[in-house]
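Undergrad: The structure that follows is given in the form of structure tokens.
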């Protein structure tokens, strides 16, 4: 039976207005829209009155409900029948944890009530299309239609392909019907293999073969033999990449054979809990560094949010599945798309060349894609710390004559670093009889054929297959799986994982054969043991779907009870689906039909399939010299600062958590004004050291339209000039990931790809001492479509994205572009040696030109000398600032440095030649250093010692004030206010935020950037930051116990434990499953802290599902109530823990006036470094801190304080229960965005109880208790930041 329960409004007022505007633009006469959530409960037995009331309360979440009279035509959007949404699985979990076992399943839809003039049936179809994602959702016309969500279909049988009867044609037909993307020689191979086996292939076997042997999975082009201009080439592309490792194997522990590469890290204290006692402690050992960068281009073109989200999720799984299990740590992201053409903000260089129907626009990609990637990282709990964004779309005269070049098929880059134990770097042996396990969520009928689909140019496959090949995301599930992997590797020698791979392209059909084959075994599997949410799926769909958040593992049979225990504690689903066999054979049995859908020797599937040969011709681009007739420097500056590649990226940065882990030493946002211009990202290796890891990106794709090899060399060079900002030491410590994107088969591109790979693999990297131990290729970067009577193609430039990774010797020495106004000198290091080439620059692009000669690496020895000199200067603390020269040239380098420093610049460029335009806008390698005036001679002397004398030019200095002045021999070349330039640079991000988020918030933020008087973040302390008030108590040797409480989806518990540990506590890991299972009680704890994250993925309201699992479970409710009523206890709730505890008001004495925390006013997840003041309150944790004003990490989507009415707010204030408030940079309490990131009234962001024993706050003090973890801080802070005082106060209070 199904029960229907109404929920809260689903759309904010500004979202409704945006939707109405979209309908008007499509000429659909819709006058009004109201949308609310509707819940559907599938019951196996009726609920009694008490249970009914409990369910009703469970489904009351989000902003307070206001009465609304429903009017208009109903369009009900629900998940697709036959699927179970991530929301459903988590909401059902919560219901069961609350004791409501009569509920088989909860599901949620959005009921849209549309008031419109008379619309035709076709127009109503258009309206419906605007309201749902056809990939994951459907539209019903009545609420009762939702019963279809709970219909269980009968399993479908396997089907065979009549090869023996119909011959080769049967395979050709199956190839088209199933979208297998098989080549002619592969069809021949399969015909021969199955004829030899004497039987017809099943569809599942062909599908499995196609996925496992797709270009996406097998990298056929990179392993191919090459003939160029009639001459056979000596090496494959992959062999040239491997040459970098053969030349420089230093520090590499694993390359080319696992899900990620591994290099040597630092010996530090890794902090985690003991399996038996739950007690957190430091474990001194090497934290080796793993690195991986993926792309997810095809799915992002079809459906950007899930495409980018699952791209990030897949790369995170690659990291976790390295060796015998590893820990993902920090991420990077990148996007290349065609022109944005923001409505009302179109730029002079943006022409509309059309696009295929099946893919979305560049604007859609950049609106939804970054949100999807960020949301996955946020919910998983991985900070996203660096990235790139390029737009390019133009008709150009390139290698193949005049043609359209751009990124209709986008690049969506997802990468990152992690850490791994030394004894887990290499995978173990799979013993015969080992249990073969799928860890993670159930199989669902989504993401079919992703590997094959990604291997085709867009437009070659059927549109329905394109949509079928996109996956969907459930990051909270992936977090649960990662917690299991963490528990395994933390066991050290007792790690039960022998072998692990992630499930990606091709689903289990690729992952399981790869697992057993890599382990030298075969596998015997049972299809129906695979967890599945859709009973009607065929064997092909169960085995080959690409449902996300899954891993395949081999675990020895005697270790299965331990593995089971770990999974149950973390609530991570798993299934044993087979056994490892001695014979390298793959068999899959189907219990339901008692047949054998797969019965193949592994060498048929993964053996010597036909090798590709590429026979290609070279084409050379001539280019045309830049026509500069109508270009003025003033206009060029304005245009270049509006090019999205150059323009401010705040809209891409603040949506992503940049502080989770408490180990982020350098994020994108720089200085007191938080300007996104950092050259590289830096993390600490641990919570007890200054060793670290760095990441940077280099990419100069448009240059490939003139010179393939130069583009590749520049990508390496740019990654190097970016990462040189931190203290690494030996250049051989730097390892690169190379991600190659090309339109294989397009005239000239294959030979160009070979040139580019050779340039870096055989020449530049070996000469520099750099290794490329990891990478990926995407060889189908072209879209085709019909525009009227014309067949069109959009081909991307050959695109190499280099990501550089390195061990850092001291994270405190990292430089930023933030200028200082003390007596200083600005020096240009011009590695272009005066060439000043303007081909394929931002300047050329904004004037719709390509130019002829591009930048290049002019002198490899000088590039190496630059890096070595920088390392000496960084270590000696001789530099005040550094910023590389890249897109937009020297002009943009200087402008961004001035923005970060909120100061003026006075420079003279006479020494750079008479061509001022070329001097300011060329994109040759190099950058600007700022030194103290007194150090200038010594720095120039040192640079000369490293062979850079002819590259160094004194420019001028940074000055206090607002003027940005460039002269040549004292004649003004360009002069403007820095604030004006800052506003120009910010307009793209402003317009994107207005479109995507609450426009009122976007306007407020843009206005703040135009305020030259803004003093920036600043600190006022009412206490001595260096006084350790907990020291006397620590000296006694007594360590009170704090329960570090987490629920599934919580991700900030480790740094929280570390902060309490430092203050003298024994931090104990307590999962809600421990409390619900009765394994742990709260009676032995002196303090309790509820940590941040996304419990249950914020399903049923942020923190609300977690709270209700406490309130509706009598025994656990009693545990909490007893704890809160016990004297001499302390409790802290942070972020998700704050939201959760605000819903436990009925259990916490003195909390009756606490507010609720609901969706941010911006309607967006906000990651900010915000200024707060400590107010007078009873809070015992904030004693002695009143009046202090300091920045703190903020990361939440639902942090806005909601009170019942004005009287409620007044009572909260008058009782003195407000503990922290947001203030602006002038020190005034504020409700203005973004100083107040969520719109809370009177800046309220923390409250306490009347006795001060329980304090809850939305910001994260635990993430910034170390000074190095603060995005900006005063120079005189030592190891501990002021926020450490909270935790020491806790220790002091307990005596």
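Each residue, glycine too, has its Cβ placed from N, Cα and C.
From Swiss-Prot, here are the annotated features:
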- 305-327: region 'Disordered' (REGION)
- 307-318, 386-388, 678, 886: ATP binding site (BINDING)
- 679, 718, 722, 884: Mg(2+) binding site (BINDING)
- 1042-1295: domain 'Glutamine amidotransferase type-1' (DOMAIN)
- 1135: active site, nucleophile (ACT_SITE)
Undergrad: Using Cα-Cα distances with a 10 Å cut-off, which of the recorded positions 679, 718, 722, 884, 1135 are near residue 386 (ATP binding site)?
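TA: Within 10 Å of residue 386 (ATP binding site): 679.
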Undergrad: Measure from the Cα of residue 310 (ATP binding site) to the Cα of every one of the recorded positions 718, 722, 1135, then give the nearest.
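TA: Out of the listed candidates, the nearest Cα belongs to 1135.
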Undergrad: List the residues of the same chain that sit at least 6 positions away from residue 313 (ATP binding site) in sequence and have their Cβ under 8 Å from its Cβ, in sequence order, or write 'none'.
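TA: When sequence neighbours closer than 6 are ignored, residue 313 (ATP binding site) has 376, 380, 473, 475, 478, 548, 549 within Cβ distance under 8 Å.
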Undergrad: Quick one: pull the CA-CA distance for residue 679 (Mg(2+) binding site) versus residue 307 (ATP binding site), whole Å only.
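TA: Pair distance, Cα basis, whole Å: 27 Å.
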Undergrad: Fewest other Cβ atoms within 10 Å: which of the recorded positions 316, 678, 1135 wins that one? Let me know.
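TA: The recorded positions 316, 678, 1135 were compared, and 678 has the fewest Cβ atoms within 10 Å.
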Undergrad: Find the average pLDDT over the domain 'Glutamine amidotransferase type-1' (1042-1295) in the predicted model and report it.
TA: 98
Undergrad: In the region 'Disordered' (305-327), how many residues does DSSP put in helix, strand and coil?
TA: 16 helix, 1 strand, 6 coil
Undergrad: Nearest by CA distance to residue 884 (Mg(2+) binding site): which of the recorded positions is it, out of 307, 316, 1135?
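TA: With Cα distances computed to residue 884 (Mg(2+) binding site), the winner among 307, 316, 1135 is 316.
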Undergrad: Within a 10 Å radius around the Cβ, which one of these binding-site residues has the most neighbouring Cβ atoms: 310, 679?
TA: 310
Undergrad: Are there residues at least six beyond either end of the region 'Disordered' (305-327) with Cβ under 8 Å to its Cβ atoms? List them, or say none.
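TA: Tertiary neighbours of the region 'Disordered' (305-327) are 135-136, 254, 258-260, 262, 290, 292-296, 298-299, 333, 368-373, 375-377, 380, 382, 412, 414-421, 424-428, 447, 470-473, 475, 478, 481-482, 485-486, 488-489, 495, 497-504, 548-549, 551.
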Undergrad: Relative to the Cα of residue 316 (ATP binding site), which of the recorded positions 718, 722, 1135 have a Cα no more than 10 Å away?
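TA: Qualifying among 718, 722, 1135: none.
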Undergrad: Compute the centroid of the Cβ atoms of 679, 718, 722, 884, then list the same-chain residues not in that set whose Cβ lies within 8 Å of it, in sequence order, for the Mg(2+) site.
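TA: So the additional residues around the site are 680, 696, 698, 719, 720, 721, 723, 724, 725, 883, 886, 927.
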Undergrad: Find the shortest Cα-Cα separation between residue 678 (ATP binding site) and the recorded positions 718, 722, 1135, and name the residue that gives it.
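TA: Checked the recorded positions 718, 722, 1135; minimum Cα distance to residue 678 (ATP binding site) goes to 722.
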Undergrad: Provide the three-state secondary structure of residue 386 (ATP binding site) computed with DSSP.
TA: strand
Undergrad: Would you count the other CB atoms within 10 A of the CB of residue 722 (Mg(2+) binding site), including those on all shown protein chains?
TA: 26
Undergrad: Who sits close to residue 718 (Mg(2+) binding site): which same-chain residues at least 6 apart have their Cβ under 8 Å from its Cβ?
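TA: When sequence neighbours closer than 6 are ignored, residue 718 (Mg(2+) binding site) has 697, 698, 699, 700, 802, 884, 886, 925 within Cβ distance under 8 Å.
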